[in-house]
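Here is the structure we will look at, set down as structure tokens.
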Amino acid sequence: MVLGNVLLALIYGGIAVNSHFGVHWIWLSYVLLALSSVVTPLTSTGRSQLVAELLPEEERSTANFFDDVYLHLTWLVGPAIAGLSVAWLGYGLVLVLDAVSFILCAIFLFSIPSSLHTPGTRFSQLSRNLLDGVKVLKQSPLLLQLGGLTFFFNFFFGIYAVVLPIVARNNFGGAKAYGLLWSAFAVGSFIGGVIFSRKPWKLAMGPSMTTVIILWGILTGLLSFAHQYWMVFGIMVLNGLVYTPYEPLYRTIIQQVVPLRMQAKVSSTIRPITGLGQPTGSWLSGLLATPLGLTGLVLTSGVATILVGCATFMTPRIRNYRNDSSEASISNSL
């Protein structure tokens with residue numbers, strides 16, 4: 001987590017420095033932002049293990065949902081603060097402040113006494129951590145399938161980074177409408193987090209995650225037929241609500257399947273891969289936007305998302321996974 005925050009500070013600081021010296025190469029900014037998407041998951045790999053260390057198994061899904069409430073709150077408040085800050089200070093200085101905030105987070109994390117958490121390994125052993133994580137993934141087809149599902153979920157999420165700005169600019173007035181659409185998504189996510197964190201998740205987790213994917217595809221398909229602002233706004237609220245359960249359930253399954261001492265290693269191995277989904281989806285959406293048109297692109301994405309969800313539901317390991325740790329023995333031998 002310390003390493004992830006330091007790398008993000010360097011990335012956003014690098015963008016600010018390039019801007020200050022008049023370097024406006026779009027490909028360089030794209031590469032740096034793509035790297036930030038890969039690095040960002042490293043800043044939260046230890047949170048899941050901390051929940052598993054502190055709470056009994058029956059309370060972990062609730063805690064994971066509650067943890068997401070704070071994340072969704074930052075989505076809700078963050079864009080407004082960012083917009084005001086950019087208008088007042090300029091985006092270059094705001095990026096510098098972002099970089100400083102990541103450095104402060106790294107300092108705070110580094111200062112946590114080792115007695116309060118499971119000791120990690122030295123920086124020189126990062127390659128061994130990666131190999132240990134790969135061994136666990138090889139032992140658990142369930143984790144591999146969930147990793148693939150998460151990659152595609154992030155992939156289809158990436159289309160919104162391309163479509164929403166264009167839709168907002170062409171049809172609804174520009175930046176203000178765009179910001180409100182993402183705020184609508186944050187409102188839906190926050191409401192979902194509050195609702196789902198009240199009680200432990202009782203439904204089967206595997207089928208629940210595939211249901212989230214299918215519902216996301218349905219809403220994406222409906223977005224292609226939404227031509228009024230209130231329709232798009234409502235779909236984004238519902239998208240936020242539907243999106244909410246996925247990540248907490250994903251973390252809960254990892255906590256159930258993977259032994260405690262291996263959870264951070266597994267997360268740090270699989271998250272950079274799943275994190276590539278969103279920038280890859282955005283990149284491909286940008287390439288296909290012209291030949292397919294926005295309506296065709298969104299509709300195609302919705303149909304493809306539904307097909308991925310249905311195909312995943314047909315895999316026995318995910319379809320039959322309930323709310324237990326029956327597969328944990330697979331990796332206990334490591």
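Just so it is clear, glycine is given a Cβ too, placed from its N, Cα and C backbone atoms.
TrEMBL annotations: computationally assigned, not manually curated.
According to TrEMBL, the domain 'Major facilitator superfamily (MFS) profile' annotation covers 142-334. Positions annotated as transmembrane segment by TrEMBL: 7-27, 69-89, 96-116, 142-167, 179-197, 203-222, 229-246, 292-314.
Ranked by the number of CB pairs under 8 Å to the transmembrane segment (142-167), the listed stretches 179-197, 203-222, 229-246, 292-314 are led by 292-314.
Same-chain residues lying 6 or more positions outside the transmembrane segment (292-314) and placing a CB less than 8 Å from one of its CB atoms are 145, 149, 152, 156, 159, 162-163, 166-167, 207, 210-214, 216-224, 285. The average pLDDT computed over the domain 'Major facilitator superfamily (MFS) profile' (142-334) stands at 82.
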